[in-house]
Amino acid sequence: WGMKYFWDVLLDADIESDILGWQYIAGCLPDGHELGRLDNPEVQGQKYDPDGEYVRTWIPELARMPGEWIHHPWDA
């Protein structure tokens, strides 16, 4: 079910890349190990997209958001 959902909603769906991606996000990988890393969209955005170009491209509602708030618009 998770893989089908990914396939239906991702713009760049790729079976080889996504087959375990949904399980990674759900924290239920078949190897039984605990998920030792949690992704934080705000921190990842500040680190890899400091100017917010990616956010502005894919979330047009935030296109005019000042840079200081682009990764946490709820605080603006």
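Glycine too: its Cβ is placed from the backbone N, Cα and C atoms.
Taken from TrEMBL, the feature domain 'Cryptochrome/DNA photolyase FAD-binding' applies to 1-75. Annotated FAD binding site per TrEMBL: Asp12, Ala13, Asp14, in sequence order.
Same-chain residues with CB within 8 A of the center of the Asp12, Ala13, Asp14 CB atoms, the FAD site residues themselves not counted, are Leu10, Leu11, Ile15, Ser17, Asp18.
This prediction places the mean pLDDT of the domain 'Cryptochrome/DNA photolyase FAD-binding' (1-75) at 82. The candidate set comprises the binding-site residues Asp12, Asp14. Of these, Asp14 has the most other Cβ atoms within 10 Å. Under 8 Å, Cβ to Cβ, and six or more positions away along its own chain, Ala13 (FAD binding site) finds Phe6, Trp7.
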